[in-house]
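According to TrEMBL, the protein carries these features:
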- 23-418: domain 'Major facilitator superfamily (MFS) profile' (DOMAIN)
- 20-38: transmembrane segment (TRANSMEM)
- 58-78: transmembrane segment (TRANSMEM)
- 90-113: transmembrane segment (TRANSMEM)
- 119-140: transmembrane segment (TRANSMEM)
- 147-170: transmembrane segment (TRANSMEM)
- 176-198: transmembrane segment (TRANSMEM)
- 233-252: transmembrane segment (TRANSMEM)
- 264-285: transmembrane segment (TRANSMEM)
- 297-316: transmembrane segment (TRANSMEM)
- 322-343: transmembrane segment (TRANSMEM)
- 364-388: transmembrane segment (TRANSMEM)
- 394-412: transmembrane segment (TRANSMEM)
Amino acid sequence: MGTVRSGVRSGTRDDRGGRAVWAVWAAAIAVYLLAVTQRTSLGAAGLDAADRFGIDPGTLSLFVFLQITVYAAGQIPAGMLVDRYGPRRMLLVGGLILGVGQGVLAFTGALPLALGARALVGAGDAVVFSAAMVVVARWFPPRRVPVVTQVTTIVGQLGQVLSALPLLLLLHAAGWTAAFAAAAAASVLSAAVAGTVVRDGPRGWRAPPPVSARTMLRQVADVWRRPGTRLGFFGHLGTQFSMMTFALLWGLPYLVSAQGLDPLVAGSLMTLLVFAAVVVGPLVGVLTARHPMRRSWILLSVIALTAGTWTAVLVQPGRAPMWLLVVLIVVLAIGGPASVVGFDIARTTNPGSTLAVAQGMVNIAGYSASVVVLMVMGWVLTALGGFTPEGFRVAWLVQYPVWAVAVVGILVTRRKARRVDAARGIAPRPLRDVVRRRPASPTCGRVAVGVPEQ
């Protein structure tokens, strides 16, 4: 997720929610969907990339390392650019950057140029997501923004389906250059459409004054000091990285090389990862809305479920049965929607003036963890002889220390957040009352903007 800022309305009647909004939204989401396709394309083509550039797993992980590092580092700058120049221009620029990055990757055989191309993909991805979310915030009525944001994220993630199956089929049928050139052309075309169709805001919308760099730095410090922000940070850290590591790079090579699956079967499982997230997302949203004071339990439960499922797969003496691999895919899919709980905690524990900074800070957590795990797994695989079953078995163990850090961080920051709640007369309902559906007391489960909720 990126940072989101909305403007203010003037006294004139605007056209939020009107017919024009759907054309604007469709144009924006098309650029975002293809950004996700470009983001995950190397995960589907990881083995082909290793052959094309003659590299080992450690060097292969550099591709995604650069891409995700640039994406994570670009969260707050991307939001500032969108605020200053508007989503129409930045969707156009972001889509063109993605197209250039994939175009260079399509035609080059030089490793340095290929690495630079993936860095461009990370930069374009950061800009496009921030711009797409601003389109939602500006064009839809406030009561509909949460739902439309969830739908936007779900539709965007379908871009992973395009990289897991159509791009993979084109890659094997027509070759590397044709496949990545087609992906580049699609992003350029969608950017051109967005530049024509999207407007920066509906009638009556007025941009807020820009925020200075000094003010932004002060806001970053203020946001981090809030326990709720740190709680969302560690929640995002622990729930997202395993799914991202699997989807972005190591999932398909693991399924093919370690589990012995046909590449198309493995690609189908990667597609299941997306569709499972689409199904699970609304369920996680309902739980979050119904139990705002128990959101940390959602985070801890998903971390425990993910770690437990990976353990069941890794202790298998040989290849895991297909049913267990399907379970693993479904459990990994839960991590994406669960990580959004971290954004919800940040939303309700920060005032609107610093919401963009808080969301960007939370978003950095999961992607930073993904970068670390991707790189270390690459080193482990290289040290153990490449894409071997035993190499992958050891490499996946890198995840466990990250989960441990996340769990400790959640428990510590939750305790601090609840102390802030208690000082303001807010306390979570006893779990037995929640289970028995007893009505809450006046001081239990109250919701207030700027007050940490767990």
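Cβ coordinates are placed from backbone N, Cα and C, and glycine is handled just like the others.
Annotations in TrEMBL come from automatic prediction, not curation.
Long-range Cβ contacts of the transmembrane segment (233-252) within its own chain (Cβ-Cβ under 8 Å, at least 6 residues beyond either end) map to 39-40, 42-44, 46-47, 60-61, 63-64, 68, 160, 164, 263, 266-267, 270, 273, 295-296, 299, 302-303, 306, 310, 332-333, 335-336, 338-339, 341-343, 345, 361-370, 373-374, 377, 392, 395, 399, 402-403, 405-407, 409-410, 413. Looking only at the domain 'Major facilitator superfamily (MFS) profile' (23-418), the predicted model's pLDDT averages out at 88. Just going by CB pairs under 8 A, the stretch in 119-140, 147-170, 297-316, 364-388, 394-412 that sits most against the transmembrane segment (58-78) is 364-388.
Long-range contacts of the transmembrane segment (20-38) within the same chain, counting only residues at least 6 positions beyond its ends with a Cβ under 8 Å from a Cβ of the stretch, are 87, 91, 94-95, 98, 101-102, 121, 124-125, 128-129, 131-132, 135-136, 139-140, 148, 152, 155-160, 162-163, 167, 183, 186-187, 190-191, 193-194, 196-199, 202.
Counting Cβ pairs closer than 8 Å and at least 6 residues apart in sequence, the transmembrane segment (176-198) and the transmembrane segment (322-343) reach fewer than three and form no contact.
For the transmembrane segment (394-412), the residues of the chain that approach it from at least six positions outside its boundaries are 230-231, 233-235, 237-239, 241-242, 245, 250, 254, 296, 299-300, 303, 306-307, 310, 314, 369, 372-373, 376-377, 380-381, 384, judged by C-beta separation under 8 angstroms. Non-local neighbours of the transmembrane segment (364-388) in the same chain are 47, 56-62, 64-65, 68-69, 71-72, 75, 233-234, 236-242, 244-245, 248-250, 253, 257-258, 339, 342, 394-396, 398-399, 402, 406; each lies 6+ residues outside the stretch with a CB under 8 Å from one of its CB atoms.
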